[in-house]
Structures are given as structure tokens and as C-alpha cells.
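Novice: Annotations for this protein, taken from TrEMBL, read as follows:
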| type | residues | note |
| --- | --- | --- |
| DOMAIN | 4-308 | domain 'Piezo TM1-24' |
| TRANSMEM | 6-25 | transmembrane segment |
| TRANSMEM | 37-59 | transmembrane segment |
| TRANSMEM | 103-121 | transmembrane segment |
| TRANSMEM | 155-175 | transmembrane segment |
| TRANSMEM | 181-198 | transmembrane segment |
| TRANSMEM | 205-226 | transmembrane segment |
| TRANSMEM | 268-292 | transmembrane segment |
Amino acid sequence: VLCRQTGLSFIYLLLLLLLPMVRIPTTKTMAGATGQYLRAVMVLSFLTSIAQLSFQIVLLSMPPYGNFLKENNTTETILRHVGLIRLNGIRIEDGFRYLAPEILMLITSIAVYVGCTKLSAETTRSRTSSASAPSTAAILPPVSSTIAYRNRRKAFFITVGKCLALASLCLVGILRPSALNGIYFLAFLGGMTWWACYKELSRPFGVVLHCVQAVAALHIMALFIVQMQFVQDFLANNTNICRYLGLTFLMKTLDSDPRMQEFSNAEWASFLNPVALLWLYYILGIESYFLLRPRLIRNMSPTKYDGTGRRRSTVRQDAHGSVILSDGYEDVIQLDSLGVPPLLLPFLHFS
């Protein structure tokens, strides 16, 4: 995506934007959506590599090399924007920029898929081999302590994620002042104002982050598209639109040969803006995913039984989103994990 801005690289950009929605590779997810995503990356990388190789073979099979592709010809222009060019007469770095992405993507996608498949299978085998059937008294304390630790760890990471999301919104909002970046800054001000009023940043905040994430995805795609030559030629006479929206031309096509590009004279913040947007997109995607899972905070919260056998919540949240566990947490999980009827729990606690 960073090497070149063509139609083939746009496919990789879409795959990159889908990555935060992919679950962690496990035996179950590798048989489902995660495995399908990794296989799709492999297939698309293979097809783009075959397209590049076939195109170069066609050019070599019709000597002299690339004789039917004249400069600024309609066919040559379309193929160049797709990502298929003739390599004669260009600099080495430009040839590397056009051909390297397919090679890197194909090798990396195969390595990642094979590695995830083997690791998930080994993890499953190790868990199966270590499984045993100890007595109930021996297994209860580890189970309860593990659940307590996991809930505390999740609550900690959710709180850190909120702070990180707000900081990222602020950074991107002030990095390149424009109409689009102003959306991120307004989201930052709204979140901080709500938090400063001692309100909880919970599920509604997750919805806001999810909406801002969609805006960031469109922003990233727009920055990618404006680096293409035909878009720059179209917007050359109306640069105010790009200036208001913060869509800076980072790459400039050479007039001597449109196959070659060089960096523009834009300020450093314009070059850092796409990287910061991609970082923001991933942070918002991860944090909104956890905030929009109510069972992570509420439905999975442990409970305690009072003297009448009714369930009384033992989990509270402060304004920072941290989970506060009251006493008796481990004991309740131990009894609850045995499937003991609620009406018997008060007597077991006092016994």
C-alpha cells in the first residue's frame, strides 16, 4: 500500500482495513472466519502475482519489449493505474516499487497461514494432553482465581483502551487541521467532556467509536485514491477542496515519464497523517469491539447470593470504567461452577 497507489494495491488496502475484524487464530476460528480471511489473502496475492507475471510474459513474447504500449496511450494509462507497467527505461527503485508488493504479499500470506494453522493445532493438542479429572476440591480454587484474574485483566485493558482511543483521537485531530480531522477532534472533546462530568464511557461511547472508525476508513481510502495521477489531474485546478479536506498530494508523477513518481514537498505532518489514521482505525476497532460486548462487563459479571437466595451484584464500575469486585467473589464462583441451586447457597456459605 505504501509502495504504490494502484488498483492492485487498493485490494491490499481493503484487506488491511478488514484485519481488525478478524478474530485471533484458534482451532475454532481457523475453521471459520479467520481461516477464510487468511485463505482469501493468499488467493488474492496469488492472483495478483500471476497477473504481474503474465503481463511481463506477454510483453516479452511480442518483441520489441512493450512495443504496443506507447506512453500516455489509453491502454497504457489504464494498465498503469491498475498496476501493470512495462519496465524498460525506468529507475530500479520504481521497478522494485511496482513488482515487490506481489512477491512480499504472496510469501507473507503463505507463511502467516501455515504458521497460524500449526500454532493453533499445537495449542489444541497441548490442552488435550494436559486435560485430567482431579477432585472437585482441588479444581475449584484455580478455576475461581483464573476467572477473577481474567475479569480484572479485561477491565484493565478496557480502561487503558479508552484512554488510548481518546489520546489517538486528539493526536489525529490536531496533526493535520482540516474538515475531516475536525471530526476526530470533536469526538475527542465529546468523550472528554462526558468523562469529566463523571459519566461512564460504556456502550454508547463504543457506538461513537465505531462510527468514527468508519469515517477513518473512508479517510484512509480517500488519501490513497488522491495519490493516483488521474485524480491529481482532475483536482489540479481546484486544490481548495483537497486543502479543506486535508487530502494532500504526497506523491507526484513525473512529467518526463508517468511511470515514475517522487515525493512532494508537503510538510512532515501530511506524511505522518496516513500512518496516524491507520493507527487510529485499529485502536477504535479494538476498543469499540470490547465496549459493544455487554456480556464482557455485565452479563459475565460474577454475582453473590444474599440470605434469601436472590442474586446480588458484586461488580461495580467507577467513572473510569474500572471494575470493582466486592468480597466473596471467589467463593461464589466456586459454588456457582458446581451448579448448586441458588436457595442452598446461603446455607453453604454459613456452614
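Each residue, glycine too, has its Cβ placed from N, Cα and C.
Since the structure is predicted, the reported quantities are computational estimates derived from the model, not experimental observations.
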Novice: Find the average pLDDT over the domain 'Piezo TM1-24' (4-308) in the predicted model and report it.
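Specialist: Mean pLDDT for the domain 'Piezo TM1-24' (4-308): 85.
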Novice: Can you tell me which parts of the same chain pack against the transmembrane segment (181-198), counting only residues 6+ beyond its ends and a CB-CB cutoff under 8 A?
Specialist: 165-166, 169-170, 172-175, 205, 208-209, 212, 215-216, 246, 273, 280, 319
Novice: Might you confirm whether the transmembrane segment (103-121) is in contact with the transmembrane segment (6-25), defined here as three or more C-beta pairs under 8 A between residues 6 or more apart in sequence?
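Specialist: Touching, yes - the transmembrane segment (6-25) and the transmembrane segment (103-121) meet the threshold of 3 or more Cβ pairs under 8 Å.
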